[in-house]
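What Swiss-Prot annotates here:
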ACT_SITE  Cys91  active site, nucleophile
BINDING   Asp55, Asp56, Cys91, Asp326, Asn327  Ca(2+) binding site
CARBOHYD  Asn111  N-linked glycosylation site
CARBOHYD  Asn117  N-linked glycosylation site
CARBOHYD  Asn183  N-linked glycosylation site
CARBOHYD  Asn198  N-linked glycosylation site
CARBOHYD  Asn210  N-linked glycosylation site
CARBOHYD  Asn279  N-linked glycosylation site
CARBOHYD  Asn362  N-linked glycosylation site
CARBOHYD  Asn387  N-linked glycosylation site
CARBOHYD  Asn405  N-linked glycosylation site
CARBOHYD  Asn422  N-linked glycosylation site
CARBOHYD  Asn449  N-linked glycosylation site
CARBOHYD  Asn480  N-linked glycosylation site
MOD_RES   Cys91  3-oxoalanine (Cys)
MOD_RES   Ser541  phosphoserine
SIGNAL    1-36  signal peptide
Amino acid sequence: MRLLPLAPGRLRRGSPRHLPSCSPALLLLVLGGCLGVFGVAAGTRRPNVVLLLTDDQDEVLGGMTPLKKTKALIGEMGMTFSSAYVPSALCCPSRASILTGKYPHNHHVVNNTLEGNCSSKSWQKIQEPNTFPAILRSMCGYQTFFAGKYLNEYGAPDAGGLEHVPLGWSYWYALEKNSKYYNYTLSINGKARKHGENYSVDYLTDVLANVSLDFLDYKSNFEPFFMMIATPAPHSPWTAAPQYQKAFQNVFAPRNKNFNIHGTNKHWLIRQAKTPMTNSSIQFLDNAFRKRWQTLLSVDDLVEKLVKRLEFTGELNNTYIFYTSDNGYHTGQFSLPIDKRQLYEFDIKVPLLVRGPGIKPNQTSKMLVANIDLGPTILDIAGYDLNKTQMDGMSLLPILRGASNLTWRSDVLVEYQGEGRNVTDPTCPSLSPGVSQCFPDCVCEDAYNNTYACVRTMSALWNLQYCEFDDQEVFVEVYNLTADPDQITNIAKTIDPELLGKMNYRLMMLQSCSGPTCRTPGVFDPGYRFDPRLMFSNRGSVRTRRFSKHLL
């Protein structure tokens, strides 16, 4: 499959697309923000970067198990992060955090709808020009390639349709709206192309693999490149390639300690799940778990093809490859059937594997990292001055290169704005308005007042999670993950009140942070007095719109 010509205004292969005839002095001036650690000395090629992003792939429940080739080709050849988190356990806010390097309260994407700023005109106007790919393209001279799922509302007619190509992308091969495997439409540099249900030409994961390999043949050899490949797997509808549809027949969702138990002393939304689950519900989630793994086998093939092609072209040793997911997932934990959105480790913790120049093989890092760090890291690799950005994240490059005596964060923020229906669900008349994502047995995965903010703390002394809900209770959940890794026991009422106050203080500071102030929660003020009702401005409004004032 051949790529269509570049999007309007992009130059073709065969000459550098940035200042093809400028003097060396002028080139240094234009790329001055990207000199960094690599420089632009004669004969020096700045590294290439590939970012592989899956959809809903967990880390806690064994989501990396099917990807044997990926673990061998990326993880074993580089570094695996064992404590990688997302700032929101939902596709669009998390992907926006990757692109901008910002927490949701700073990029203002709060859910998967246009009203929640997902690929809205406001997002396009305010955030897209400042994403790290836009900086790579405009300031660092990288050719940039995107293939796959962008944001859940991308292609919506009210936000420019498929003709809209975000700033910063030289090659654009994006899926309309949410993940599918067949019968979808792609925007190819702003032109729509429909795909059907013929496996050999339409299976999306394979299409992304083919067009990515094509880019490596088609690209300019005068510029470094950045590739972002965002697969549909393992997102529903969990359609595996034909050759993998019988794989993992003896695999079941993990029966860990928090599987199919009541969410005692948790937020009401978790407590409402019916325990024990019915046999039919367990069969359904076991089947979903199995199919998710099946879809990932095609991702494993994609990774292998990509690495082999980079090796064949002689570019592998000068290329950083990142592999991660936009959020985790659950299958029966606390009797919640299947979804993400919740504050627990299974939903907010993701795989993160990196290989590249200067990274020793078979490394594991326990440092607390988040997907807001990906943009700063990639810009740092390109040599861009991070002080010129307003990103909340930190560059992982010192960790990747084995820096010693490194000063690093101890806290990351997780925040989520719940969604609910305005009317009673006709299939569940016993439920009041305000819930959503409900299953036939009326177990719901979300609600308006499932709005929460958490601080996840990892240090030499603590391995804690502290969360507050924006509801009438101002409900608090606290977990000691050293003693209770499955987060079964909420210790909010038994923990030392002084420590509780410190965690609340850190959370308040992170929720009001921006840029550099997000990288540390600051020094605890001994005069601070704990009052959880200060966390949210509307003090328990059930149908909260805490972020809406920022949408322009």
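Placed from the backbone N, Cα and C atoms, the Cβ positions cover glycine too.
Shown here: features listed in Swiss-Prot, placed on the structure.
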residue : record                      : contacts (Cβ under 8 Å, 6+ apart)
Asp55   : Ca(2+) binding site         : Cys91, Lys149, Ser179, Ala230, Thr231, Pro232, Ala233, Pro234, His235, Ser325, Asp326
Asn111  : N-linked glycosylation site : Leu90, Cys92, Pro93, Cys118, Gln417, Glu419
Asn327  : Ca(2+) binding site         : Asp56, Val86, Ser88, Ala89, Leu90, Cys91, Ser94, Lys340, Asp347, Ile348, Val350
Asn362  : N-linked glycosylation site : Glu76
Asn387  : N-linked glycosylation site : none
Asn422  : N-linked glycosylation site : Pro433
Asn480  : N-linked glycosylation site : Asn463, Leu464, Ile491, Ile495
Using the Cβ centroid of Asp55, Asp56, Cys91, Asp326, Asn327 as the reference point for the Ca(2+) site, which residues of the same chain not in that list have Cβ within 8 Å?
Thr54, Gln57, Leu90, Ser94, Arg95, His235, Ser325, Lys340
From the Cα of Asn405 (N-linked glycosylation site) across to the Cα of Asn183 (N-linked glycosylation site), what is the distance in angstrom?
52
Of the glycosylation sites Asn117, Asn198, Asn449, which sits closest to Asn279 (N-linked glycosylation site) by Cα distance?
Asn449
In whole Å, how far does the CA atom of Asn198 (N-linked glycosylation site) lie from that of Asn210 (N-linked glycosylation site)?
15
Would you count the other CB atoms within 10 A of the CB of Asn449 (N-linked glycosylation site), including those on all shown protein chains?
24
Could you check which of the glycosylation sites (Asn117, Asn210, Asn405) sits closest to Asn449 (N-linked glycosylation site), going Cα to Cα?
Asn117
Let me make sure I understand the structure: which of the glycosylation sites listed (Asn210, Asn279, Asn405) has the fewest other Cβ atoms within 10 A of its Cβ?
Asn405
By Cβ count within 10 Å, point out the most packed of the glycosylation sites listed: Asn117, Asn183, Asn198.
Asn117
